[in-house]
Structures are given as structure tokens and as C-alpha cells.
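Q: OK, TrEMBL features for this one:
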type     : residues                                                                                : note
BINDING  : B:LYS96, B:LYS173, B:GLU206, B:GLU207, B:LYS208, B:VAL209, B:GLU214, B:ASN292, B:GLU293 : ATP binding site
DOMAIN   : B:100-322                                                                               : domain 'ATP-grasp'
REGION   : B:127-160                                                                               : region 'Disordered'
COMPBIAS : B:133-143                                                                               : compositional bias 'Gly residues'
2 protein chains.
Amino acid sequence: MVGGGQLARMTHEAGIPLGIRFRLLSGAPQDSAALVAHDVVVGDHRDLGTLREFARGCDVITFDHEHVPTEHLRALEADGVAVRPGPDALVHAQDKGVMRARLDGIGVPCPRHRVVRDPADTAAFAQEISSPGGDGPDGGTGSGTSVAGSGEGSGTAAQVPADGAFPVPVVLKTVRGGYDGKGVWVVRSRDEAAEPFKAGVPVLAEEKVDFARELAACVVRSPHGQAVAYPVVESVQVGGVCDTVIAPAPGLPGEEAVRAQELALRIADELGVVGHMAVELFETHDGRVLVNELAMRPHNSGHWTQDGAVTSQFANHLRAVLDLPLGDPRPRARWTVMANVLGGDYPDMYSAYRHCMARDPRLKIHMYGKDVKPGRKVGHVNTYGDDLDDVRERAAHAAGYLRGTITE
Amino acid sequence: MVGGGQLARMTHEAGIPLGIRFRLLSGAPQDSAALVAHDVVVGDHRDLGTLREFARGCDVITFDHEHVPTEHLRALEADGVAVRPGPDALVHAQDKGVMRARLDGIGVPCPRHRVVRDPADTAAFAQEISSPGGDGPDGGTGSGTSVAGSGEGSGTAAQVPADGAFPVPVVLKTVRGGYDGKGVWVVRSRDEAAEPFKAGVPVLAEEKVDFARELAACVVRSPHGQAVAYPVVESVQVGGVCDTVIAPAPGLPGEEAVRAQELALRIADELGVVGHMAVELFETHDGRVLVNELAMRPHNSGHWTQDGAVTSQFANHLRAVLDLPLGDPRPRARWTVMANVLGGDYPDMYSAYRHCMARDPRLKIHMYGKDVKPGRKVGHVNTYGDDLDDVRERAAHAAGYLRGTITE
């Protein structure tokens, strides 16, 4: 597995009972997964020579992140390395522009979007999506949600007020490299739109969807085409970072859940995904879903499966990339809640860790072995049971106590 | 952890989510746990210098087996190393003579027993336990089950027939070093009793209990005295090796289960055990229990907890030896069954492994990364559910298929 973060750490953990010999390419010897894996290569995942040397002797290579350059993955495939997911699939999780174009092409509902050149072009995009003659916000019909460029952005920019304020807010994203809210901006004027272009990389503009909540549909697919779908979950974000995941999503009608699962399975099939894929969704106030992001690896929205499903996302990711039969994705409890543990002001969590174990003997703690820094994901907790209020309270209390925001 | 077997492998696995940095002392670099742990020291656990060097920088040392010499453990304690369980407790799992004497002393029911010097003394023991004037077999009352030595064994040996046949069979055990049926003999005559004495080590004689079945009561105890008891399980042995464990023991009346749990908790407390302890029990036909063996480490009879309990024996062993609050030992399913996977005639299990995953997507496979040799424990499977017959069939089928005794 390329990448030494907590996803690799937990994938190694899941591979032990499967009898899998796990080799890790880690950026540093103190990375989360490097602390617990036996066979650790320290090296740069952006260097093709390093990747080639690493892949020698591996049956399959897979990833803890999306940051390996697509051209390197193609070179490895050309060498005969089994790269899973392969570059033709993974590029859709690496490049948001490619992802949006492809999802449009297969009729998957997305927020309206187009690649924009500069603040003026962004202003034009804002005008286009607010125009009463065009599709209004949330007016996507499930296909062809891309907004055609307006030729010269400055041509339509004249329609916006002199202070550069947009008629509707716009979400700008760098097409590559963003995660956990990084590389994402919500802008309301030409002035605010300046920042995202400073890095000189392509920028995607999207409508800011007035969603009711965020959901995630996670699926796992094998090279031979077997696929399983986990229950659709609700993902609660705070400051652009996943805070809590509730499995299954409370109050989601069964037929809507099945539609979201089918959508994720269809995307996995159309894109040729191998391994775990999380499809992050916006649920609109009228019960439709729009695809927000794709991640082709184990994902934060699937951490609940470690304690809440028959087979965890990590075990199923390994089974998929090794083309083994997949495990049962069904839940083991009526409700499972995952809460992320973020670093707080105190670097030493030990006392809080002991407190949480003593307070709740059923609590499932998952620590990543990382140094604590404010706001950094350093672990998560899972709770499960029949009473959702109780299960949520236990998870939120433990995560808050570990962070230091709850002290009693 | 000292010892590189599968118990250490699964303890490391359980320590990853707890954020524990796990250092292993392994006899060989290819040992089961050494394949998956990061921090591996290869060395001999019988060498005090090696143990001292290994323990440097560890907060606590614990064990995957009972084979570290008691005097080395005392030396480490004298150095200030936290040894858990400590030598004063662990000696009861290392030396069956010490264990029997201590259990007698605290009134714990055991098979009748005494240390014997030679075949003639063994014959005398057989005579003593069969004598109508004394306690008959199964006549132990729960305390004072030791049989006093007869002074000169040869004095009573004259009472046995000329061919040396015993009136009742006797179990002989070397007081140290046995496991999985090794170091244990059932003898019916003076001739048969010769073998166990050949090694020149002390031998314990025990009555052969006509038990209805074998049970195990597993408990975990912390240095500060917190303790938890797992449900009492039934352990089905084949050829002296654990074959299947059923949790909870079917048909065991609630009050008997609680008495067995209380017995195990009392032994843990009296002996000052820290960590997981398995108390292997004989259940007699009239519903009493006699203690067969003690193991002070994670144990085969607790492997079901990985998938069947809120907190596994491995996680709770770590929590105990680190003096962290213990996790909930309660079951997650109505029935959980563990079946050991023994090596068969085919060294490559891969095809069978794939078959079992495909046949039963709910099957939980735990492989130890060991080379397959006939009769060697190379893994186990866990199954769980509401229907015991179904759960047993699934476990037995998978274990048999992996071994090669079932081919369809």
C-alpha cells in the first residue's frame, strides 16, 4: 500500500487475520502505518523509481491516498504491476474536472459546475447558474449538469455589480490535491475569488448546493466484477472536516437508500473501480442526491464498519484488490456512530483516553499513533446499539473528551 | 510481548486501534507475529541477557507462552521491569505441581492428584484413588483434593496385579513444558507409566476424570484489581487439541455459569493474575466443575471473542497489563463458534481459502501466516448467529475445507 497514513494503518490491521503480507511505502518512518507494519519502505510516492522498486515483489499495489501521479501509475501498469484501482479509474478521484466530466457523461446527478479560468470567469459562472432563464440552483436533472463556458468570462462579468458581488455563492476547488476542506473555497465576490487561482492550477467552479444533509454511499468492487454496497450513512461535517458518521442514515427511506447504493454501484462499474469507493452525496430538501466527491480507497465515512459491519471496509478493500471473494457488508447493530477525534490543545491524551475507557466499557477506540496537533485527525471512536440518541451521545462525548472540549 | 506465535500476532492486531507500540521478542524472524509486527527483536526467551535487553524501553512485558524461566522473571522484576503477569502468578501456569498445591490450598476443586516418583509410585496412586475406603473417582469435595503420598511407593505397589495393570487409569503430566496434549499421558499399567519418567523431570499424577464435557472460564484482571469475566464456553477437544469452542456453553444453567465465572475470578484474585487467564474446566455428569489447567495469556478458548464479544481477549489482555480500564466482555451474538484450522496434507491453502470466503461471506477467517504442516494450528475461523446448528456447521465446514478433510 502506498501512503503511510491511518488508512494504511487500519488496512494492515485488517490484513493480519487474512494472512496478508503487507508492504508499505511511507513518506516517513514515523507515519501512522509505519509504526505498526512490518515491511516498511520509506520513500517518495511521487518518484517513479521509488514506486518501481517498491512494487517489485508485490502481488498488487493499492493506495491510502490519491496523490500518486497518474502517469506513474500508467508506467507501473506498463511494467506489468497490478495497480488497483487502476489509473483509468483512480484519475476520477484525483482530478475533479475529469470526475465531473465523466459523471456528466454517464448521467450521474452532480452540482452544476465548470472549470473556470479566473475571478471574472467565476463571476460569469455565478451569473449563469443564477439566471432565471437557465437551470436554477438545484435544478440539475441528473445529466448534462455541466455549464458551458461563456467564451470570454469578462463579457458576462459586466453584468455583476461594481463591487464584484456574485448573485449566488460559488464553490471553487482546485481540480487536484484537495482534501478535508483544503483546496476548497466558498466565494461570494470577484475579490474573494482571487485566492484559488494564485497557485496557477486549474480550478473547478460548482454551485453551492443548499443541501439538507450529506450522505455517503460506500461500495467495494473486485476485478472480476463482484460488488457489495454498505448501508448509506449520514456524514456530519464541521468546518469542512468529517465530524460524525451515522450508520445507517437516520430517516432515509428505504427506496432512497437503495437508489443511492445503486448509483454508487453503477459509478464503480462504469469507472472500473477496484477496491473500496466512497461516494459523498448531497441530499437535497426534496430527497434527491447529487454527487459531491469520489474517493477510491478506504474512507472516513466507512470507519464505522470496523465495529458495526460484518466485514470492515478495510478487509473488503484488501479482498477486492486481491480479487478474493468479498465479505458481507451488512450492519451488526441497529445503529453505529463514528466520531472523529481531533487534536486539541493538550498534546498528551493519555489521561483522557483512560477516562473514556473507564466511562464507557463498550466504547471502541481507534488511535492512529500520531502526534497531537490542534485540528489534526488523530483517531476515531465507534459506538453501537439500539438507541440512536444514546449511541450518538457516547460517541460525541468520547470524541469531545479526547479533544479536550468536554472535561466532565 | 515475549513469544512470536499467533497469540502475539493477534495481540499486536488488537493493540493497533489502542495506539499501543508493540515490541516483540521472537524466536525466529519467520514466526507468526514477527511477520506483522513493526518492532521485532529476534532472540532466545531463555536467555536473561536477551530478556533484559528486550525489556529496556518497554513500559510492560507480557507473554505469548509460559516458557520463560521463573527465575528470569524474578530477575527482571528485581531490575524494576513491570512483568505482567508477574512470576508469583505465572508460576501457577508454568508448573502444574505448584498450581495444584495452590488450588488445593484455596479450596478450588481439582481432579485428585499428587506428584509421583516412578511407575511404582504411580501404581500406588492408582490404588489410592480407586480404594473404596478413600475418595472414589469424582469424589473430590472442592478442597483438599491432593492425595497424600504413600511414603514408599513400592509398599502399595504390591497390591496391584502382577502384570502391573492399574485398577483405574491415571493421567501423568510433566509439571512443566506441556501444551496441546504434549507432556500428557493416560496410563493404565506400570509398563505404560515408564515413558513419562524418562526425561527425568517431575511428574504429576491425576485421576482421569469421567467428565461430561470440557468448559473454559476466561477472565481478565488488572493490577488495580478490576476484573471481567467472559461467558463460559464449551471446548471440544480432539486428540488433546482444541477443535471447536462454542460461546456460550450450550445448555449450561445460568447459576452454574456464574459459579464457574466466580471460581475463575477468585483464582485470578487469589493468585494475583494480571492479564487474561483461561481456566480450563471439566464438567462432571452431576454438574460440578473441576479445574483442569490454567493459562495466563490469551488462549485458544477465547479466540471467539475477536468476532463474538464487545472486547476481544487480546484487547483486554493489553488493557489489563497496561493497567487501563477493561472493556466490556459481553457477547455480541447469541452464539459464536470458533473452529481451529489445522494443517492438512496440502501445503497450499489458497484455493480453499478463496472457496471458504465465497461460500460464506459472513465467515471470519484468522490465519497465522504459518507454513502448513499436518496437524499444526495454522488459523481459526469464527462464525456467529442465532441458530447454533447453522453456526456450528459453518465453522466446521470452513475448518474442514481449509484442512482438506471436506472437499465439497
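Positions of Cβ are set from backbone N, Cα and C atoms, glycine also.
Just tell me what is around each of these and how deep it sits.
A: A simple way to gauge crowding: the CB of B:GLU214 (ATP binding site) has 22 other CB atoms within 10 angstroms, across all the protein chains here. In the three-state DSSP assignment, the secondary structure recorded for B:GLU214 (ATP binding site) is strand.
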Q: Counting other Cβ atoms within 10 Å, pick out the least crowded of the binding-site residues B:GLU206, B:GLU293.
A: B:GLU293
Q: Using CB atoms and a 10 A radius, I'd like the single residue among the binding-site residues B:LYS96, B:LYS208 with the highest neighbour count.
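A: Going through B:LYS96, B:LYS208 one by one, the largest Cβ count within 10 Å is at B:LYS96.
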Q: How big is the ATP site in terms of the longest C-alpha to C-alpha distance among B:LYS96, B:LYS173, B:GLU206, B:GLU207, B:LYS208, B:VAL209, B:GLU214, B:ASN292, B:GLU293, in angstrom?
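A: Value for the max Cα separation, rounded to a whole number: 18 Å.
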Q: Using DSSP reduced to three states, classify B:LYS96 (ATP binding site) as helix, strand or coil.
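A: The three-state answer is helix.
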